[in-house]
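> According to TrEMBL, the protein carries these features:
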COMPBIAS  22-47  compositional bias 'Low complexity'
DOMAIN    59-118  domain 'VWFC'
DOMAIN    119-178  domain 'VWFC'
DOMAIN    179-238  domain 'VWFC'
DOMAIN    240-299  domain 'VWFC'
DOMAIN    302-363  domain 'VWFC'
REGION    22-57  region 'Disordered'
SIGNAL    1-21  signal peptide
Amino acid sequence: MLWKLLLATLVMCVAIRETIGRPDPGQGPPAGRGRPFSGRGRPFPGRGRPDRPPGQARKGCWYNDVFIPVGKKHKPDDCTTCTCEAAGAEPECVAIACIALYCPNPEYIPGQCCPVCPPGCMYGDVFIAVGTTYQPDPCTWCTCEADGAEPQCLAIACAFPLCPEPEYIPDQCCPVCPPGCMYGDVFIAPGNTYQPDPCTWCYCPEDGGPVACAVADCAFPPCSNLVYLPDQCCPVCQDIGCQHADGIILPGEDYKPNPCEGCTCPEAGQDPLCYAMACLEPDCEQPVQVAGQCCPVCDAPDGCLQDNNVIIPVGAEIPQQDPCVVCTCPFAGGTPTCSIIACPAVSCDNPVQIAGQCCPLCNM
């Protein structure tokens, strides 16, 4: 009986040894045998894979813990495809290279490798999503209305400020004037003065408040021929002739204050030169004074006798002491007819009275 027990023990040990040394058809190659797995996959640690199909030990490849049959493909992710070319070899994996996108927030679609841009437009190298607006500069707004279309851009037309040196503020489109005052369409810097006309001065306060203007009050000089010179506020006297008691005598002209006196103006601004006529005694007992003549005559012409015993010849118009009164004789022995000249209203404050003329003048 003892030898039978020893024989049974020996048979059992041989069976156990053979079982231990034989690889499991459902597992991978034994450790230390074959070529190690490299690349993106990694060899499965241990001696076998319980999920490998029986009898497929040398008819596929391993990618990490995934078995790929020969000639089949495996996609570990949306961008990578691995192919088993030969049993026990490393799988050949190819990764898709995605191009760079121009949009700031690309979208990832399930089942696709590379992200895509949402619907939008391109402005240069800037992406504008549909329905949104992009501002390339402070004065321009561009809107994308449809996918792939040209963006519609609107630019602001600025009204140029009236100040000489407008300022540009960052992120603001149109230039603006610095602090100051406006007088009509004229800009006045703080603390400066502007003169819109010779008689007006306008000042802009330091704080840029309302502009304050002052107008000069002119004192008119005592002369009849006032003139306004360019760039001067108040009028001045202008010498247009020689000043006479009866008015101004123009240069080069003669004026007879009465039939026996004459005056002339040598040059504007000077005193007139006056002279008196000397009469010879008439060679008759009753000389006659003719109107408009200095010396009496012996032979009286036909005419009209005035109250001062002066004869006005028939048809003659004789100015009187007042240059606005003119008398004439209608027929011999008749009564002189006198008329008064009516002067039109003048449009100036200081008209000029010319000696020997009835009506004053504004412009000379």
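Glycine residues also receive a Cβ, built from the backbone N, Cα and C atoms like all the rest.
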> Going by DSSP, how much of the domain 'VWFC' (119-178) is helix, how much is strand and how much is coil, in residues?
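Tallied per class, the domain 'VWFC' (119-178) gives 0 helix, 23 strand, 37 coil.
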> What is the three-state DSSP composition of the domain 'VWFC' (302-363), stated as helix, strand and coil residue counts?
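When I sort the residues of the domain 'VWFC' (302-363) into the three classes, I find 0 helix, 23 strand, 39 coil.
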> Which whole number is the mean pLDDT over the domain 'VWFC' (302-363)?
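Reported value for the domain 'VWFC' (302-363) is a mean pLDDT of 83.
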> Residue counts in helix (H, G, I), strand (E, B) and coil for the domain 'VWFC' (59-118), per DSSP?
0 helix, 23 strand, 37 coil
